[in-house]
Amino acid sequence: MNWNQIIFISLIATVLILAIANEAESAAVRTDKSDIKREDGENMKKRIFMQESEATAFLKRRGRRSTKSKDEVNAENRQRLAADERRREYYEEQRNEFENYVEEERDEQQERNREKTEQWREYHYDGLYPSYQYNRHHI
């Protein structure tokens, strides 16, 4: 086939597809009933856009440089104080648990030392009280 014939056939196929697609009603966009589209558009505008006074009031309240209301400041402070209290309680609980652990370890260590000392004294006891080593009289 010649290049001219291939281009001609592809153009005819493209025109045919466009003609069929133009008459078919698409699911996304309707080609007729334009008055319904206008009414839907007005309803959509009312649902999407707010009145100018409401918009300016919203932007004044929420602007970056505008001051916060007392209620907003108080709410933020309450949240901050509650978070500080939770953090303080958590660290206090952790500190108490560690102190209890250290106290138990010290008690166990003291008990082991006392037992070792008693065993040493029993093993080295010579029948005298206090032991013979401390009762020597050097001449």
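In case you wondered, yes, glycine gets a Cβ from its N, Cα and C as well.
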Candidates GLU42, GLU72; Swiss-Prot annotation 4-carboxyglutamate sits on GLU72
Record feature 4-carboxyglutamate (Swiss-Prot), assigned residue among GLU39, GLU76: GLU76
CA pair GLU104 (4-carboxyglutamate) / GLU111 (4-carboxyglutamate), Å rounded to integer, equals 10
How many Å separate the Cα atoms of GLU115 (4-carboxyglutamate) and GLU72 (4-carboxyglutamate)? 65
In sequence order, which residues at least six apart in the same chain have a CB under 8 Å from the CB of GLU111 (4-carboxyglutamate)? none
